Amino acid sequence: MAAKLLDDAGIDVRVLINDADDPIAEHSVLGRFTHVRHAADAADGAELVLVLGGDGTFLRAADMAHAVDLPVLGINLGHVGFLAEWESDSLEEALKRVIDRDYRIEDRMTLTVVVLDGGGEEIGRGWALNEVSIENLNRRGVLDATLEVDARPVASFGCDGVLISTPTGSTAYAFSAGGPVLWPELDAILVVPNNAHALFTKPLVVSPKSTVAVESNSDTSAAMAVMDGFRPIPMPPGSRVEVTRGERPVRWVRLDSSPFTDRLVSKLRLPVTGWRGPQKQAENKDPRSAG
């Protein structure tokens with residue numbers, strides 16, 4: 001439906017080969033559109049990346065869009081869909097806004113992730129929109145780690161892992177691990193030890209100018225740094241991960257002008273019964289706000 005509406009409006013729709021070759025897509029309207037094999041070909045001359053799916057789909061599309069500096073618009077087909085801008089039941093309205101260029105672009109902070117071996121040599125590099133999770137390679141046993149901020153040690157502990165997150169990622173894995181929610185307008189790096197066995201295991205909110213590092217203290221157990229849940233970098237015993245603010249943000253297509261607070265309450269279904277704030281009183285006095 002989305003591709004057809006855009007095509008009817010005279011907009012060139014490009015479909016990656018992997019999507020077009022899907023058995024369902026083979027017998028659908030997707031077969032009509034330009035098929036490209038590489039993301040760079042799809043991005044050539046494009047205005048934005050349209051994502052239909054849940055948060056996992058959005059993160060994979062953001063990986064492609066980030067590489068070519070294109071804005072991303074997410075339409076939620078999943079459950080919570082925190083990263084999506086719009087719900088699927090309003091798809092037609094969202095596409096009309098895209099066709100009319102009635103949207104704005106918001107930059108979301110990213111992380112640069114560098115993995116170094118025990119001798120200080122770089123052995124891997126990547127980036128994350130949500131978070132990087134440092135954990136045991138086989139995901140069994142305890143990760144023996146030391147947390148470091150700006151070249152100074154903070155704490156050593158055994159844990160299931162250490163999460164280093166952006167404000168955008170604070171509502172994802174870091175939130176499930178007990179971290180706070182950071183508003184996306186805030187520039188900060190969030191550090192959340194995951195099930196740490198130590199006295200000091202509280203989440204930390206660190207300056208975006210800082211370098212956060214996690215060292216693996218084991219001489220025998222390998223670890224891995226997993227970015228956004230699907231881009232792993234192996235870490236040999238004794239290696240470390242250094243995380244800084246990314247140089248390039250992800251460009252987010254915004255259609256909705258409502259504040260993040262409303263989004264948080266709606267997506268997490270937070271109870272706000274009994275609220276009597278000034279805005280609520282103003283809404284009650286304005287008959288146009290009813291319904």
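Each residue's number is its place along the chain shown, starting with 1.
Using N, Cα and C of the backbone, Cβ positions are placed for all residues, glycine too.
Contacts of ARG60 (NAD(+) binding site) defined by a Cβ separation under 8 A and a same-chain sequence distance of 6+ are given as PHE230, in order along the sequence. Under the heading NAD(+) binding site, Swiss-Prot lists ASP55, GLY56, ARG60, ASN130, GLU131, ASP160, THR171, ALA172, TYR173, ALA174, PHE175, SER176.
The active site, proton acceptor annotation in Swiss-Prot covers ASP55 and is backed by sequence analysis. Within 10 Å of the Cβ of ASP55 (NAD(+) binding site) there are 22 other Cβ atoms, across all protein chains. Look at ASP55 (NAD(+) binding site): DSSP puts it in a helix.
For PHE175 (NAD(+) binding site), the same-chain residues lying six or more positions away in sequence with a CB closer than 8 A to its CB are VAL181.
Site extent for NAD(+): among the recorded binding residues ASP55, GLY56, ARG60, ASN130, GLU131, ASP160, THR171, ALA172, TYR173, ALA174, PHE175, SER176, the largest C-alpha separation is 25 Å.
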